[in-house]
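> Quick one: structure below, then a few questions.
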């Protein structure tokens, strides 16, 4: 899978050739040796041949040079197709000039490995069209009356009136983070649950493998793939939930000390679940302290929640009220200026540690992947200061052992994408989500104001990202990097989050054109779905033995089936009013 066969035919006399390659996704990387191509046998007029497997996920640059003298003969850039069969013929065009030509020939065409995605998309669009058509038909009196006669009228009536299973206000008590618009109304912000559910569904799909497509895997270092979007969105939504929940709880009469105890307990449980239940080092044998990975997704969520919720609790008021000072346009910011100072201090600490902390045998301010990146100058500097701090405080055995940089950049140092230094920027990400929650509180019952503020914040975050990255993947001041959780990664993801939340809010809560289904259901049982999909990942019916493990189609079917099953499970729990809280 994701490979093609390349046959190299060398018609040149001795001394032979060296074939090397460099992936287009590997920035400033050394060429990697693939094979030695023997010289042709002039007496038998038989060319020297060698077969190699080449990667098809990204374009490759092939380099052929003489095995003696290291003279470059030719360089070819080509994007090979999966399961294709190719020949590279090396020969002289003229015996007088000794001009060497390298011709790439397609012996057998590759397959289109993206057809399964198109087919799956059409299937799901077909199901969606059927559901929409059925809902529209139910609005026609004769059809609805016929359904009433065939089905249980009471059950049908409840299903229709509940807008695809929306719980009544009395059932929301069991949710861990109830949101409200005002003290007198506990109407839930459905767009937030929908956004959370959308992020969670994508997260489950990519965690299960995403059909083994490269764009559903985490980017090897700088840049973005689909898999890099969902975790920061989840952190952003958590911040929004904090803003909406704490104000409501305080208006109900709870004391700040009681709320703080709940915050500490919930953070502790999240961290404990991440360390004990959802831990990738189970595959290394019985879980023990010797190889226990300390950082993780739930650990980062728990610590981020603790800091942001405590910060908001310290400055929040029981009544959201209105800002009575000057600059009414900033009424969701100015009352909380100490919070902003705290966040700016945190970000200053991240910048200082990242760019000023001396790291042994590494350049100061290094942000690269190490390994063969940067032309192999800094092989043991993966992550710069971020990796160094984790190795110093946590120890190499308590970190993630197989970072995404290891595949493309062949880095050998352990590196944890949920490490200590990156947690600072996850707090910043949650704080920006907190700002989105404050906007909905300060401008309640004013959807135009809310949407305009979301647009402004999205533009501001986008402009900051453009400046930091210079609108490039590799050449910016601070590239977008999920492994480092760079500040440009945070601003870019926040830009996307504000815009996407705006669209969902408009469709779900303002116009009510969309109920939020099916993403609403996992969004209201997010912790259960996340932990459940990790714990039962290798059990039937979420996984089974495939007939052809080298088929994207089979992997895609398995991963989509498992993801769909979790949506169905969350829907069943939703209908039964079962919501797991921490």
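Backbone N, Cα and C define each Cβ position, glycine as well.
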> For the transmembrane segment entry in TrEMBL, name the matching range from 450-468, 469-487.
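Residues 450-468 are the ones TrEMBL records as transmembrane segment.
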> Grab the same-chain neighbours of the transmembrane segment (488-507) for me: Cβ-Cβ under 8 Å, and only residues 6 or more beyond its ends, written as numbers and ranges.
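Answer is 189, 191-192, 194-195, 198, 224, 228-229, 232-233, 236-237, 240, 425-426, 428-429, 432-433, 436, 447, 450-451, 454-455, 457-459, 461-462, 464-465, 468-469, 476, 478-482, 513-514, 516.
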> Averaged over the domain 'Heparan-alpha-glucosaminide N-acetyltransferase catalytic' (188-309), what pLDDT does the predicted model reach?
87
> Need a quick answer: max count of Cβ pairs under 8 Å to the transmembrane segment (556-574), which of 114-137, 336-357, 519-536 is it?
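Highest pair count goes to 519-536.
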> Of the listed stretches (195-215, 297-315, 420-443, 450-468, 519-536), which one yields the highest count of Cβ-Cβ distances below 8 Å with the transmembrane segment (230-251)?
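The stretch with the most contacts is 420-443.
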> Could you tell me whether the transmembrane segment (420-443) and the transmembrane segment (519-536) are in contact, taking contact to mean 3+ Cβ pairs under 8 Å with a sequence separation of 6 or more?
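No, the transmembrane segment (519-536) and the transmembrane segment (420-443) are not in contact.
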